[in-house]
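So that you can see what the record holds, here are the features copied from TrEMBL:
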- 114-358: domain 'DNA/RNA non-specific endonuclease/pyrophosphatase/phosphodiesterase' (DOMAIN)
- 138-344: domain 'ENPP1-3/EXOG-like endonuclease/phosphodiesterase' (DOMAIN)
- HIS203: active site, proton acceptor (ACT_SITE)
- ASN232: Mg(2+) binding site (BINDING)
Amino acid sequence: MRNRKDCQCHRDRGSNPGCFIPATSKLSVFSLKNKRLETGFHGEIYIEQGADFKLRCDDNSITGMDEITSTCVQDSQLFIGRSLKNSDQLTCKDLNKLSWATINCPNIRITSRNRTVIDICFDYVNLITLFSNHSMNHLDLNSTKDNTTKPVFQSADFYFGRLGNKDIENLYKREEQSKTLSSLLGENSVYLPSNSTYLTKGHLTPNADLDSVDRNATYYYVNAVPQWNGVNNVNWNKLETKVRSYVSGQSNSIEVYTGAYGTLIFGNTSGSPVQIFLYSNDADKAIPVPKLIWKVVYDRAAKKAIAFVVSNNPFTTEAEIKTNEICSPELKECQRWLDGFVMNITNGYIYCCNVDEDFTGNVKYLPGIKISIRPSRNKDSNPRGCPSGVKTGSRRLWLAVHLQRPSHTHSSCLRDEDS
């Protein structure tokens, strides 16, 4: 018999009338009176005593229905229809999905709960993601995450057998990195990975930007680029934290674009410049290591945006970075953002600027952002943000096709000979 008066959930830190349901990847959506439910401090969602609430899975895998209504009985016990269920018995399979879109950019989307979570602009000629795009708000940031276990990164078949008998997971291993860079630069190169300096998977859309259900959507290799560990662990991590702190104080959603720019170049043991790739053999090279990694924080409602640029080269110099800036640093506007950053090369030299014609003139594949644009100082019309030997294509109408490979003419950046 349904007991709506005795629904009590007990936790070590005290008792509350109502129930605390674990908010894990097993359950995709909780809704109560068409509102997002508040989360507690241990990955739990609080349900008031006797309240009905809805559960939903992206692929309708709970009961074959779009959603179901549940009622708290006691502790983790729920009434679903006429059956008494434990919340731990409810699971959602294949929560996050990827699909191709037959336009230039973005051309991959990662979905969860029948909605887009991350848009990806993927250059499948060079096998590198040019940018990711996601929205975030203070409600997502209040959704506590259980980070005791992290999902394994998935390739999702987006690398098309281009990597020979190797998979992308192995390419990120330090031993494999050393072999690849040795073949490119020479066995005695000073740029070879070591125990203290090596390439790692640099999240573009970080898991902490999303709510406790959607965060698993970030664990795809198309949502990562090769990033030096010192850069990733210090200033890049600090930038992600700063963005979340900013969003937590905003009432509206904020869009975030994060991407790669250019290809890192080192001198080989003979002194010749060589582009650096995570994969290289005699016939093919793929997954270029970005020269720069950037992040744009965009308030669409206020028509305001700011761009951050981080050097992905722990061996460069500050003078070289300033010579190759892709936008004019706005020190006055950026001062509050960059407070607390470690301004050295190993940890990722960082600067920020307006999203003006300097920035968009270089990062040509960035989608249109409606803000007040300042006159450009850069008259170069070449798309220098694309990997070497490719150029941007025109925009096309969006059409999502699940796991269907597009033709080469749908690339975000096309080789010159293909145009």
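Placed from the backbone N, Cα and C atoms, the Cβ positions cover glycine too.
Keep in mind it's a predicted model, so treat the numbers as computed, not measured.
Geometry remark: HIS203 (active site, proton acceptor) versus the residue listed as 'Mg(2+) binding site', CA distance 9 Å.
Listed in sequence order, THR200, GLY202, GLY348 are the same-chain residues at least 6 apart in sequence whose CB falls under 8 Å from the CB of ASN232 (Mg(2+) binding site). Its own atom aside, the Cβ of HIS203 (active site, proton acceptor) has 22 Cβ atoms within 10 angstroms in the protein chains shown. Taking the domain 'DNA/RNA non-specific endonuclease/pyrophosphatase/phosphodiesterase' (114-358) as a whole, pLDDT averages 91 in the prediction. In this structure, ASN232 (Mg(2+) binding site) is part of a helix by DSSP.
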